[in-house]
Amino acid sequence: MASASPEQNQNHCSAVNNSNMLMQGNLPTLTLSGKIRVTVTFFLFLLSTIFNASFLLKLQKWTQKKEKGKKLSRMKVLLKHLTLANLLETLIVMPLDGMWNITVQWYAGEFLCKVLSYLKLFSMYAPAFMMVVISLDRSLAITRPLAMKNNGKLGQSMIGLAWLLSGIFAGPQLYIFRMIHLADSSGQTEGFPQCVTHCSFPQWWHQAFYNFFTFSCLFIIPLFITLICNAKIIFTLTRVLHQDPHELQLNQSKNNIPRARLRTLKMTVAFATSFTVCWTPYYVLGIWYWFDPEMLNRVSDPVNHFFFLFALLNPCFDPLIYGYFSL
């Protein structure tokens, strides 16, 4: 079957925009694997909400017990913002995915189609960027400790920049997502509304570029930065731990990494590992789809659902990680 020309594609998109319909052979339905995905999603939603909210409450109580006027340490401030980002992702991505898989159709209208699509991507950018901030901060803390000590506002600036970039990079979602109505192969309207990006890009490569940009900012760039930072951290830890292999005295002045800092460095490496392990399968599947869209017909729905659910474990694991290293 010959592919449509750009002019034909443009005419088809105009027809979709004017009639608010899209020809589709098979309308989606809620399958057994979809029901399992919904159940697991809401279970992870409860776990992540409880874990992250509990840590925020613990931080609040810890702050109240501190001496009046004494601020949180830089690491605790970073953990607070990572927890807020994880909680935001939990409260937006998980319920939205669960409810949409239940209804299959989009009942929330055009406005919420755009707004929720924006908030979903914003809440995914924020934890990824906050992970970068933590990795950079901890790496600089051991490679340039004096510079970090003299520049107390650097951490706050990086945190603010992470939230700002998350909001800016998610902005296109407000434009490209729209509500359409699907129809069956005969052209009969089924009243099947969906929130999609069909015909939002003038050329196919515009969408390809946007998808690659989003993928890079959500995964490739954060992964690259955290790997470099954590490689420096691991190298420094290894060098220090081998200074005295028989009796390591971390609290003595001859050691340039005290026990508390050593614990936070290990925690940073654990965060990066959790991020990499949880999200890599999901994005590998996405890359595969870009180069071979027919893979959806070869990869079963349970496998697709599993990779997505595995990614949702990341905001659940993070509170457990800083809970473990806080013992």
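Cβ coordinates are placed from backbone N, Cα and C, and glycine is handled just like the others.
Annotation comment: Swiss-Prot describes C113-C195 as disulfide bond. DSSP assigns C113 (disulfide bond) to a helix in the three-state reduction. Proximity of C113 (disulfide bond) to non-local residues of its own chain (separation of 6 or more, Cβ distance below 8 Å) is seen for W106, F177, R178, M179, C195, given in sequence order.
Taken from Swiss-Prot, the feature N-linked glycosylation site applies to N17 (among others).
According to DSSP, N101 (N-linked glycosylation site) sits within a helical segment. Of all Cβ atoms in the shown protein chains, 17 besides its own fall within 10 Å of the Cβ of N101 (N-linked glycosylation site). If you look up Swiss-Prot, you'll see N101 (among others) marked as N-linked glycosylation site.
If you look up Swiss-Prot, you'll see 1-37 (among others) marked as topological domain 'Extracellular', on the strength of sequence analysis.
Among the features that Swiss-Prot reports, topological domain 'Cytoplasmic' is placed at 58-76 (among others), with the record citing sequence analysis.
Residues or ranges marked as topological domain 'Extracellular' by Swiss-Prot on the basis of sequence analysis: 97-114 (among others).
Within its own chain, the topological domain 'Cytoplasmic' (137-163) has Cβ neighbours under 8 Å at 74-75, 77-78, 81, 126, 129-130, 228-230, 232-233, 236, 256-257, 261, 264-265, 268, counting only residues six or more beyond its boundaries. Sequence annotations record features per position, and here Swiss-Prot assigns topological domain 'Cytoplasmic' to 137-163 (among others).
For 184-211 (among others), the entry in Swiss-Prot reads topological domain 'Extracellular', with the evidence type sequence analysis.
Regional average pLDDT for the topological domain 'Cytoplasmic' (232-280) in the model is 71. Residues or ranges marked as topological domain 'Cytoplasmic' in Swiss-Prot: 232-280 (among others).
Here Swiss-Prot flags 300-305 (among others) as topological domain 'Extracellular', drawing on sequence analysis. Sequence-distant neighbours of the topological domain 'Extracellular' (300-305) (same chain, 6+ residues past either end, Cβ-Cβ under 8 Å): 31, 33-34, 36-37, 285.
Residues annotated as transmembrane segment in Swiss-Prot, with sequence analysis given as evidence: 38-57 (among others).
Annotated transmembrane segment per Swiss-Prot: 77-96 (among others), in sequence order, evidence recorded as sequence analysis.
If you look up Swiss-Prot, you'll see 115-136 (among others) marked as transmembrane segment, on the strength of sequence analysis.
Taken from Swiss-Prot, the feature transmembrane segment applies to 164-183 (among others), supported by sequence analysis.
Marked as transmembrane segment by Swiss-Prot on the basis of sequence analysis: 212-231 (among others).
Residues or ranges marked as transmembrane segment by Swiss-Prot on the basis of sequence analysis: 281-299 (among others). Counting same-chain residues at least six beyond the ends of the transmembrane segment (281-299), those with a Cβ under 8 angstroms from any Cβ of the stretch are 208, 211, 215, 218-219, 307-308, 310-311.
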Practice problem: Please work out whether the transmembrane segment (38-57) lies in contact with the transmembrane segment (164-183), by counting C-beta pairs under 8 angstroms that are 6 or more apart in sequence and asking whether there are at least 3. | Solution: no
